[in-house]
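Per TrEMBL, the features are as follows:
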type	residues	note
COMPBIAS	C:458-470	compositional bias 'Basic and acidic residues'
COMPBIAS	C:477-489	compositional bias 'Basic and acidic residues'
REGION	C:458-489	region 'Disordered'
TRANSMEM	C:135-155	transmembrane segment
TRANSMEM	C:162-181	transmembrane segment
TRANSMEM	C:187-209	transmembrane segment
TRANSMEM	C:216-235	transmembrane segment
TRANSMEM	C:289-314	transmembrane segment
TRANSMEM	C:326-347	transmembrane segment
TRANSMEM	C:353-371	transmembrane segment
TRANSMEM	C:378-397	transmembrane segment
Amino acid sequence: MHLVPILGHMPGSHCTKDIQKNITSAAQPTSSPATTGFTELQPLMAHLDLPSEHMEANDPVQPAGATTLQRAWARFLKGVSYFSGDMAAFGKWMEKQFILLQLLDWVLRGAAQVMFVNNPLSGLIIFAGLILQNYWWALNGFVGTLSATISALILQQNRGAIAAGLYGYNGILVGLLMAVFSSAGDWYWWLLLPNIFMSMMCPVVSSALASINSRWDLPVFTLPFNILVCLHMVATGHYNPYFPQVLIQPRSQMPNITWAEVNVAKLFKSIPVGIGQVYGCDNPWTGGIFIISLFISSPITCVHAVLGSAAGMVSGLALAAPFGDIYFGLWGYNSVLACIAIGGMFYALTWQVHLLAITCAFFCAYLSSAISNIMSRFGLPACTWPFCLSALTFLLLTTGTNRIFKLPLAKVTYPEKNLGFFWKLKKQEKKEKRKAIEDQVTLNDKLQLRIELERMEEGRVASEISDSKNDSAPPAEHQDTAEEVRNNDLTEVTFADYV
Amino acid sequence: MHLVPILGHMPGSHCTKDIQKNITSAAQPTSSPATTGFTELQPLMAHLDLPSEHMEANDPVQPAGATTLQRAWARFLKGVSYFSGDMAAFGKWMEKQFILLQLLDWVLRGAAQVMFVNNPLSGLIIFAGLILQNYWWALNGFVGTLSATISALILQQNRGAIAAGLYGYNGILVGLLMAVFSSAGDWYWWLLLPNIFMSMMCPVVSSALASINSRWDLPVFTLPFNILVCLHMVATGHYNPYFPQVLIQPRSQMPNITWAEVNVAKLFKSIPVGIGQVYGCDNPWTGGIFIISLFISSPITCVHAVLGSAAGMVSGLALAAPFGDIYFGLWGYNSVLACIAIGGMFYALTWQVHLLAITCAFFCAYLSSAISNIMSRFGLPACTWPFCLSALTFLLLTTGTNRIFKLPLAKVTYPEKNLGFFWKLKKQEKKEKRKAIEDQVTLNDKLQLRIELERMEEGRVASEISDSKNDSAPPAEHQDTAEEVRNNDLTEVTFADYV
Amino acid sequence: MHLVPILGHMPGSHCTKDIQKNITSAAQPTSSPATTGFTELQPLMAHLDLPSEHMEANDPVQPAGATTLQRAWARFLKGVSYFSGDMAAFGKWMEKQFILLQLLDWVLRGAAQVMFVNNPLSGLIIFAGLILQNYWWALNGFVGTLSATISALILQQNRGAIAAGLYGYNGILVGLLMAVFSSAGDWYWWLLLPNIFMSMMCPVVSSALASINSRWDLPVFTLPFNILVCLHMVATGHYNPYFPQVLIQPRSQMPNITWAEVNVAKLFKSIPVGIGQVYGCDNPWTGGIFIISLFISSPITCVHAVLGSAAGMVSGLALAAPFGDIYFGLWGYNSVLACIAIGGMFYALTWQVHLLAITCAFFCAYLSSAISNIMSRFGLPACTWPFCLSALTFLLLTTGTNRIFKLPLAKVTYPEKNLGFFWKLKKQEKKEKRKAIEDQVTLNDKLQLRIELERMEEGRVASEISDSKNDSAPPAEHQDTAEEVRNNDLTEVTFADYV
């Protein structure tokens with residue numbers, strides 16, 4: 001249990017998307033660290049079948065025999081906890097460091113937050129993947145994240161949200177995609193000007209959208225990025241002399257699809273490429289690196305990312321998309337994000353939610369096709385509009401079942417921890433229910449005891465009566481007296497029990 | 001008054017569009033059945049000029065002479081009540097039947113709910129009209145309604161709303177219009193796949209939109225259908241090898257309009273055709289059948305449907321639309337729906353509301369032209385977007401007059417019953433006002449009496465005083481005593497009055 | 001202080017954009033007129049350095065020497081107050097006049113409200129500017145304002161809002177721009193029909209949008225105008241035989257921009273032209289007249305209008321817009337409105353807000369380019385969509401600093417008065433804070449006094465003890481007693497202080 005003190009201090013505000021509620025949520029202590037810390041880690045050690053309460057009780061008096069293995073395991077978990085999840089211990093340590101180092105932490109977390117991952121190590125790996133793809137794009141992404149984070153600081157946005165990278169992820173996407181869609185070629189330094197301006201507008205648009213979405217307890221997702229990149233691209237356009245954009249045109253003839261030509265290897269490769277396309281990268285190795293960065297922080301996120309990408313690829317085939325688009329990952333990236341968001345991030349992961357996430361991935365792929373067709377009329381890419389719209393739709397869904405549980409936005413961290421929160425909540429509910437039933441049962445038992453006692457007494461009284469041959473008292477009064485006796489007895493016994 | 005017990009048990013939840021508030025509204029008993037039942041039927045028997053309260057009082061002691069006619073009339077009304085309105089008695093009976101039979105009821109109600117009619121008989125007639133138009137379309141419509149209803153059951157949506165067909169009407173439109181706009185020809189069985197998928201998404205989108213619209217107490221109308229059909233059409237498009245759509249192109253030259261060529265007979269025929277186009281049908285007989293189905297459930301709805309279609313046709317002529325479009329009913333169907341929605345369905349019908357409904361129909365026709373021009377750029381039809389947007393705008397209107405009364409969404413049933421609700425509310429208000437005035441008047445009368453009494457007493461006291469020549473008591477004290485007397489008197493009299 | 005009684009009666013409801021909250025705000029008396037009236041005028045007399053409270057105190061006992069100049073100044077201010085700001089005195093006087101005269105006042109205020117100016121004189125000057133531009137356009141503008149105002153009266157909208165011209169400004173824009181964009185030529189009388197219909201729909205759309213926007217305490221800006229003019233233009237289009245629109249087409253080739261050809265004089269002239277383009281006028285003299293009309297009512301508004309127009313012009317140059325568009329003022333008018341709205345109108349003017357307003361003007365110009373590119377695909381102009389969207393975004397922004405203070409919508413009047421409201425609020429806060437600190441200080445002083453007293457007493461007690469050599473009482477008890485004594489003393493002294 002060495003890891004408990006480290007994990008127990010995870011600030012609730014560290015990964016929350018709800019900027020307004022941050023302060024209040026941070027103010028609510030999440031019960032005692034010793035009990036919560038362990039429950040939170042459980043999903044990461046699923047093959048550890050002992051119930052946590054049992055373990056806690058056993059821990060101090062572990063039998064000497066099993067100690068070595070368990071200790072090694074605990075040490076391993078402790079090691080894992082340092083760089084998995086949201087790296088809260090590291091975040092806490094960072095708070096006391098030099099501001100520039102902190103800023104670096106925030107930028108790295110921002111880079112990873114595109115995939116809902118609040119982890120600087122993942123962010124670092126993602127930057128490595130970007131550099132592998134294209135130096136110039138990586139630079140633009142970095143400048144974008146930095147500008148957005150600084151702008152959020154200037155506008156005095158919530159510090160917890162900034163530290164969690166929630167103001168950076170739109171910045172990195174704006175920076176990257178403006179570079180990706182520029183047709184002026186790499187190392188066109190003038191591009192940094194609109195890049196910085198648009199990235200600095202991110203916190204403004206984020207804050208404005210959060211004011212609206214918070215009414216429904218919804219996150220803003222990548223809507224600011226979508227709005228700002230589309231804004232820049234359509235404001236300049238393909239025919240702009242200063243900032244020309246790549247030419248995107250609507251399809252105007254039947255694509256030639258021959259199933260014999262399908263390349264299965266490329267189809268499989270399209271799954272990591274789809275994950276890479278979240279950042280506009282078509283290099284499968286970059287996509288693979290991104291998968292690793294996801295796995296480090298949260299295996300559930302990683303699985304859903306892969307499933308989402310696959311669902312997108314299948315949808316592409318079903319809707320007769322040109323194979324080139326599918327290989328290029330254009331059908332995958334929105335489904336990746338939608339599947340992550342629904343599958344464990346904003347809903348607590350159950351089987352029903354898992355199915356819902358996959359349905360959402362398919363719906364998102366459909367929507368992706370529709371939106372890219374519409375946007376192409378304006379020379380625009382689909383960006384991540386399909387993801388935002390489909391995920392928001394599925395998050396607005398209200399159902400009668402308690403197996404689809406939407407987490408309050410202030411409690412959202414990462415799937416494993418969310419699940420822990422959900423389980424704790426359910427256990428509490430169950431305990432309360434069981435207690436209520438037990439109370440009921442105890443009461444019933446007592447009542448039965450009372451009735452039996454009364455019957456015996458009545459028998460005694462009756463025999464006394466029959467003995468004394470005294471028939472003057474009416475039966476009604478007698479019954480009243482008996483009842484009074486019973487009540488008094490009950491009160492006494494109950495009182496005794498409580499004492 | 002035989003019909004009272006049947007009508008009196010109408011569950012308020014049966015036709016409500018407000019899914020969230022359903023349970024609470026069902027929990028509020030709508031006062032005693034004897035008084036409400038009759039008021040509700042009144043609009044259906046408008047030539048019965050006796051005030052309802054008067055009739056109720058008279059009913060038990062009817063003079064022998066008028067009995068026969070009145071009894072026959074009551075029996076007729078009872079018969080009508082079985083299949084008019086929302087057929088609540090039938091719905092109640094259905095609750096105890098086999099689930100498949102119930103499902104059929106829900107599907108039929110869903111088919112009619114497109115026109116805001118919660119009536120399985122109307123639904124049956126509408127399906128007859130669809131079969132008259134095209135077998136394949138009718139089949140797709142049925143599959144769509146069924147899929148949507150089943151999907152709502154899976155997602156554990158509100159049972160009352162499902163039973164009222166509120167999850168089916170988007171499904172039937174999705175199914176029908178996907179068949180109508182497919183250019184793959186009839187009996188292209190693959191179409192059923194996206195049809196079922198999109199219909200099953202209906203409850204998801206409905207529930208999501210309801211989460212938003214319920215903040216303003218607004219219904220979702222056919223927005224889910226609009227979103228999903230546009231989604232499918234634009235995701236596949238005209239050039240899709242699997243699911244090709246009909247080619248819709250924007251107008252790019254001056255239409256040739258010669259007023260001499262106008263065909264008045266066709267113009268008149270465009271009114272039922274416009275009603276038929278709500279379901280995508282251009283057969284005037286189908287439109288005529290739909291008119292009958294509306295009349296059965298609610299004559300007010302029927303009248304507004306015809307007025308709306310006429311308003312749309314006139315707008316088409318005023319805005320120089322090609323005659324072909326007008327004959328085809330494209331200018332009518334949105335105005336039909338908008339006119340029904342405003343004219344008595346979501347507002348209580350008064351003359352002001354009637355005028356508002358006609359204004360809305362014209363505005364909707366204008367909007368219809370605008371939206372179809374915009375949508376045609378993307379190869380899309382206007383669907384019922386114009387209706388949704390114009391009706392929502394007119395429902396969001398706030399005015400200072402109490403003659404434009406928007407019903408709470410949980411109380412919306414059908415125009416005649418809505419009107420009954422409105423009248424009851426107004427009568428209550430009037431009664432309260434009258435009572436308040438009467439109380440005031442009584443109080444004033446008493447006060448005047450008191451003052452007169454006091455004057456007389458004062459006179460008596462004064463004379464007594466003058467008689468006894470006893471001037472030791474100061475006048476102030478004397479007045480106090482008089483006032484005390486007055487107060488005591490007043491209390492006594494008031495008390496006596498209340499006893 | 002002669003002007004105080006006149007200004008003091010300014011009804012708060014007179015210029016408010018919040019229709020719902022109007023009645024409540026009118027019901028809240030804005031403290032005593034004597035104190036508020038003067039504070040409100042302060043910004044208009046910035047070189048008067050005396051604090052207002054000081055002046056008020058001095059006023060009745062002014063030394064005879066300084067009287068003449070000060071009196072002249074006061075008289076001048078009084079004169080200015082009659083036609084500057086929102087001309088509340090005039091509005092009050094108007095309330096007792098003939099209804100047609102009142103209607104004229106409302107129409108003139110409506111004409112000026114496009115620029116957020118609630119001033120009939122400004123409205124009159126603006127109409128003069130319009131007549132200078134084009135008689136037919138001015139007529140259409142007048143008809144539009146009149147229709148919109150009458151329609152609002154029919155729909156029984158809030159009287160205060162109507163009187164402030166808040167239902168007229170969309171009408172004048174609808175009327176003007178429908179005339180501007182009609183390609184049927186001037187004096188095509190049929191145009192008045194759709195003009196009147198659309199203007200009469202303004203209050204409907206305004207009221208509907210206000211129902212939505214009021215949830216976030218946001219104004220509707222010119223959204224109704226944007227919606228209705230776009231509706232009319234796209235419903236008819238360029239190829240309509242009755243109401244043809246000018247042909248607007250998207251750019252499809254690289255514009256030829258040679259910096260040598262730039263005309264600096266024309267660039268400077270584009271600043272007033274940009275202000276004129278708010279009303280669709282390209283005459284620089286008209287723009288100049290509009291600047292005068294703004295200065296009359298509110299110098300802050302005027303400054304921000306000029307800054308906004310300049311920011312738009314610069315953005316146009318930066319984004320490689322064709323010089324012709326910039327000269328024509330197309331890059332300026334949205335930024336003008338956005339800069340006015342943020343710079344002092346809906347936020348209280350501070351340096352931070354001033355910078356925010358300029359940022360918003362640049363963002364708005366960017367957005368303007370984007371939206372005009374998108375709208376041109378549908379043959380539509382950008383209208384004032386960019387202004388509405390950018391201003392709403394910046395008004396939804398939430399920051400941690402109290403230097404960016406968004407006024408409650410019911411308190412919005414004009415920048416100078418808003419600033420007065422903000423200063424008063426801050427002064428109150430400061431006073432409360434100072435009082436709290438003083439209380440704290442007093443308490444601390446007392447406590448210190450208490451402790452010293454106690455020490456002295458303790459010393460006395462100790463000496464007494466040492467004198468009597470009585471060591472039987474334990475030290476703990478002794479200390480308790482001392483503390484009791486201290487407490488008692490404290491209570492007494494505190495009590496004495498309060499008495």
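Numbers here mean position along the shown chain, with the first residue as 1.
Glycine too: its Cβ is placed from the backbone N, Cα and C atoms.
The list of residues near the transmembrane segment (C:353-371) in space but at least 6 beyond its ends in sequence, with Cβ under 8 angstroms from a Cβ of it, reads 304, 307-308, 311-312, 314-316, 319, 321, 330-331, 334-336, 338-339, 342-344, 347, 382, 385-387, 389-391, 393-394, 403-405.
Panel annotation: around the transmembrane segment (C:216-235), residues 17-18, 114, 169-170, 173-174, 177-178, 181, 194, 198, 201-202, 205-206, 209-210, 243, 245, 337, 341, 346, 375, 378-381, 383-385, 387-388, 391-392, 395-396, 406, 408-409, 412 of the same chain, lying at least six beyond its termini, place a Cβ under 8 Å from a Cβ of the stretch. By number of Cβ pairs under 8 Å, the transmembrane segment (C:289-314) is matched best by C:326-347 from the list C:187-209, C:326-347, C:378-397. A Cβ distance under 8 Å defines the sequence-distant neighbours of the transmembrane segment (C:162-181), meaning residues of its chain 6+ beyond its ends; these are 13-17, 19, 86, 91, 95, 102, 105-114, 118, 123, 130, 134, 136-137, 140-149, 151-153, 191, 194-195, 198-199, 202-203, 205-206, 222, 224-225, 228-229, 232-233, 245-246, 279-280, 381, 383-384.
Through the fold, the transmembrane segment (C:326-347) approaches residues 115-116, 219, 221-222, 263, 266-267, 269-271, 273-278, 282, 287, 300-301, 303-305, 307-313, 315-317, 353-354, 356-358, 360-365, 367-369, 372, 382, 384, 386-387, 390-391, 394-395, 404-407, 409, 412, 414-415, 418-419 of its own chain, all at least 6 residues removed from its boundaries and within a Cβ separation under 8 Å.
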